[in-house]
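Since the structure comes first, as structure tokens, the remarks are kept for the end.
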Amino acid sequence: SGSCSLKTCWLQLADFRKVGDLLKEKYDSAAAMRISRKGKLELVNNRFNSPTPEDLVYVDPSPDYCLRNETTGSLGTQGRLCNKTSEGMDGCELMCCGRGYDQFKSVQVERCHCKF
């Protein structure tokens, strides 16, 4: 007599926030490389350890996202609203790139069409 067993396997994506946080961490610690005369990648700064296969590396530096750049399509951060109390990416210190920021208070009055 033959017996059957059913086995089901599936892959599931990790939490999106965790993936984003990991990528941001790798981006922030990416290794600067240059191409040697022999056509091989080498570290720009030999004081750092060689990157592992899991590390990010780059040859060209990232553009300055604080400034408007027509070539990359970046609008920059000038004129954007920021959160004064946040230490995250939406916080004024990071988003305004050290340029300082204007503060204002806004009061919005809206009719809510409430019925009692």
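Placement of Cβ uses the backbone N, Cα and C atoms for every residue, glycine included.
Copied from Swiss-Prot, the annotated features are:
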DISULFID  C82-C97  disulfide bond
CARBOHYD  N69  N-linked glycosylation site
CARBOHYD  N83  N-linked glycosylation site
LIPID     S1  O-palmitoleoyl serine
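Overlay of Swiss-Prot feature records on the structure.
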residue : record                      : Cβ contacts under 8 Å, 6 or more apart
N69     : N-linked glycosylation site : P63, G76
C82     : disulfide bond              : D90, G91, C92, M95, C96, Y101
N83     : N-linked glycosylation site : D90, G91, C92
C97     : disulfide bond              : C66, T77
